[in-house]
Amino acid sequence: MRPNYTRSEFVFVRILAPFALGIFLFYPVDHLEQITWLYRICAFLLLIVLFVHIFYKRLKAYRFKGINGLIIYLFIFSLGGLCSVINKQPLAADHYKHQKANYLKVMVDDEPQLKGHILKFKAKVICAYQCSYPSTTQNQIDHYSINAKFDQRSQHSQGFQRSQGSQRSQEDDQLLKITTNTATGTILIAVRTNIRQPINLIYGDQLVIPSKLNTIDPPFNPSEFDYRFWLAAQHIDHQAYLYPNQLVKTKSNTGNIIKAFALKTRAAQVSFYRKVIKGDDAFALASTLILGYRADLSQETLSIYSKTGTIHALSVSGMHVGLIYLIINWALQFLNRSKLMKYIKTFLILALIWMYALLTGFSPSVLRSAIMLSVFIIAKTCSRRTNSYNTIAFSAFCLLVYEPFLIWDVGFQLSFLAVLGLIYLQPKIQNWVYIKNKWINKIWSATAISLAAQLITTPFSLYYFHQFPVYFLLSNLFIMLPTALLMYLGILILLGKFEFLGPAFEWLINFTNSGLEWISTLPGANLSSIWLNKIELLLLCMALTTLATALSSFKKMHLYISLMCFLMLQSIHSYGWVTALKQKKMIIYNLRKHHATAFIYAERAIVMTDLDPNGKAFHYFIKPGLDRDHVQKIIFINGNRDTTTSFFSLKGNTITFLKFRMDKFQLLNYDLKKNKAYLIE
């Protein structure tokens with residue numbers, strides 16, 4: 001029987017929509033004047049809301065409930081926009097972009113990740129250094145002089161040292177003036193490491209680096225991933241490429257004490273896993289599954305989990321937090337004897353859940369689960385009824401207030417959608433079939449859970465990842481038990497330091513990987529190259545949601561709406577295919593150290609490039625655009641041999657595409673100047 005909820009129990013559901021819309025619409029704002037106006041609008045609307053609330057009866061405001069509600073929604077909408085704008089770091093007056101500086105002092109703000117010979121990490125800017133000589137003559141400021149100054153201030157210097165061949169004297173170094181200004185902002189730093197100059201950095205280290213930063217390039221090629229937007233959502237607008245001799249480490253352990261402790265603890269647990277697990281893939285998956293440490297996951301493993309629709313298992317999420325809660329709640333059953341003991345139990349459960357969330361790096365999905373579980377546990381302890389929808393909205397609201405740009409995080413979106421699907425769709429799907437047998441009914445319940453989560457996240461998964469795992473149901477049913485066993489066994493190994501359980505743990509990981517790998521190789525296991533625009537995304541969401549409700553409530557109107565949405569979606573898709581059959585165009589790709597040109601005719605393409613067709617660069621820069629253009633057949637040529645097809649010809653140095661002729665060398669040396677070039681008939 002459905003509980004009878006009142007409107008007051010949906011307060012955060014009603015608040016979240018205008019607040020999130022404000023964040024979304026005001027994100028492009030990038031002028032300080034607009035922030036001032038937003039402050040004024042919010043203050044004005046707040047005064048109106050307070051005035052109406054104080055003099056509610058005297059004004060007889062109950063006669064204008066609609067207008068009162070509209071004003072409140074406008075205030076929340078403006079507040080969301082204000083939160084979005086004030087979180088834009090470049091708008092701050094002391095942002096590093098507005099500073100004249102030769103050097104920046106930064107703090108390592110996360111766990112540095114080493115991939116190949118490149119060490120990458122986010123860094124927070126602390127201050128800016130303007131270095132100059134008081135002499136009237138123009139003196140050249142070199143790295144060695146600056147380093148000498150900083151070496152006098154620090155006993156932990158690391159990086160470039162004063163060279164014996166430096167022409168600058170100690171007297172000149174003493175004349176060097178360093179003006180320090182407070183600065184803010186976040187940058188991405190990449191350091192090229194080598195054996196001769198090893199570098200060891202951890203969270204909280206302070207560094208002095210040259211202030212020469214590079215802007216993040218926008219996507220230059222068709223349908224290329226927007227790396228600049230992705231970094232901007234993390235407050236990163238610039239990056240620095242450095243060598244070890246350009247770093248000066250001035251301090252250590254200057255970050256947040258709690259975060260530093262969590263990262264240090266996680267690093268120790270990862271090291272212990274490395275000790276007890278021999279295989280690289282098994283070690284990487286164990287570190288990811290239990291601790292949220294994804295640095296060592298191979299591309300092959302990610303591909304298997306992605307193709308089978310189980311990539312969520314590699315992200316510490318609500319499922320993991322839920323399993324942690326179950327085991328803690330079971331272990332603390334002895335505290336249910338009195339009311340005081342129950343409060344102690346609640347405190348311990350909350351503390352342990354948030355410690356685990358901290359240990360795993362505070363991902364959006366973990367934070368969502370931790371907040372929701374906290375509300376549920378507190379309400380249960382206080383014998384209060386909870387509204388699941390309001391709890392979801394409350395956790396989303398808290399996260400967006402703390403970090404508004406999480407609204408662009410794909411994990412944040414999919415996490416909340418999956419939980420919404422479990423709450424709304426799972427009971428409806430469960431009612432499709434009535435099963436008397438207890439154990440078969442449990443299997444059907446698990447199936448309903450998987451279907452609900454997949455059904456509501458499918459449109460967004462297609463929109464972001466352009467593929468659909470056909471056997472997602474089989475894969476998710478397969479990993480349910482192994483994932484739970486891996487979680488409990490992995491935690492047991494860490495808590496008790498039981499090294500003898502390592503082989504069993506590794507065998508279970510390999511068994512899970514092998515099973516998923518087998519599923520990924522089944523015929524038609526993965527539908528790829530699926531591209532949706534925003535209209536198609538909306539239509540697919542409406543079609544699937546109304547179809548699910550129609551099948552559970554047997555309402556014809558919902559079924560008709562679903563069929564109409566599917567027909568509109570198919571019409572748009574068919575129009576795209578018809579347009580693709582008529583396309584004739586040439587694309588010159590913007591690649592830094594390589595070249596690529598695509599000659600597209602209908603569903604076929606000749607790609608002249610020096611890239612490896614199976615390499616990352618081709619799949620990152622070129623393949624997305626070809627997939628979106630519905631290209632089904634690709635012929636690769638390197639331009640060294642004559643090639644002739646029905647629409648393309650390469651003979652010597654002359655290229656003929658349809659009726660256009662061009663010189664091969666002019667094409668290869670074409671200066672794009674940070675633009676993509678099209679030749680369309």
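Here the Cβ of each residue, glycine as well, is placed from N, Cα and C on the backbone.
What TrEMBL lists as domain 'DUF4131' is 37-246.
Residues annotated as domain 'ComEC/Rec2-related protein' in TrEMBL: 289-551.
The annotation transmembrane segment is assigned in TrEMBL to 12-29 (among others).
Taken from TrEMBL, the feature transmembrane segment covers 35-55 (among others).
Within the same chain, residues 15, 18-27, 29, 34-35, 38-39, 41-42, 45-46, 48-49, 52, 61, 235, 400-401, 403-405 sit at least 6 positions outside the transmembrane segment (67-87) and bring their C-beta atoms closer than 8 Å to a C-beta of that stretch. The transmembrane segment annotation in TrEMBL covers 67-87 (among others).
Annotation source TrEMBL lists transmembrane segment at 311-335 (among others).
For 347-367 (among others), the entry in TrEMBL reads transmembrane segment.
What TrEMBL lists as transmembrane segment is 446-465 (among others). Outside the transmembrane segment (446-465) by six or more residues, the chain places 306, 309, 410, 413-414, 417-418, 420-422, 424-426, 429-430, 432, 472-473, 476-477, 480, 530, 532, 537, 540-541, 544-545, 548 with a CB less than 8 A from a CB of the stretch.
What TrEMBL records for 471-495 (among others) is transmembrane segment.
Per TrEMBL, transmembrane segment is recorded for 537-554 (among others).
Under the heading transmembrane segment, TrEMBL lists 560-578 (among others).
Remote same-chain partners of the transmembrane segment (347-367), defined as residues 6 or more beyond its termini with a Cβ less than 8 Å from a stretch Cβ, comprise 258-259, 262, 265-266, 269, 291-292, 315-318, 320-321, 324-325, 328-329, 332, 335, 373-374, 377-378, 395, 399, 406, 409, 411-412, 415.
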